[in-house]
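Each remark here refers to the structure printed beneath this line.
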């Protein structure tokens, strides 16, 4: 996000945030968006392309871009980076065999200049499944401690199925973004 975008948001006080939600396929991105919005999560289909959900959260309007995570779609993720205020990376904490892929894709995202100023929330999802790695274990696998010190980030354990941890994560994300782009509040 450039300086002009920040100034524009301060001046207009538009109270909108653009959130990009990505992660490998079947990590729970769509379920999380629906759960936060209080919608039915009993029947979820894989996201082929993207969905945009606009929700009011606290006193802000969140435009959440839920982008499919299939291998064939990942090369298109870069089309959604512009003007992203917050990046949500969703990890299936129970899918141990794909954690290397997960780390590689996150590393690639974090190299993107257009995402450099975005707050990063890592949701260690599926904590309700026996054998799932804890958020600390996921953090070690993803090597989060080596991340650029200027990046604002947080990892939160959650369950899209039960809803546990989702509010904690989104509360942090919204407050972190607000403290950066709505400085005059």
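Glycine is no exception: its Cβ is also placed from the backbone N, Cα and C atoms.
The feature N-myristoyl glycine is assigned by Swiss-Prot to 2, with sequence analysis given as support.
As annotated by Swiss-Prot, GTP binding site applies to 23-30, 66-70, 125-128, with the evidence given as similarity to another entry. Residue density at residue 127 (GTP binding site): 22 other Cβ atoms are found within 10 A of its Cβ, drawing on all protein chains shown. In this structure, residue 127 (GTP binding site) belongs to neither helix nor strand by DSSP; it is coil.
The binding-site residues considered are 26, 70; of these, 70 has the fewest other C-beta atoms within 10 angstroms of its C-beta.
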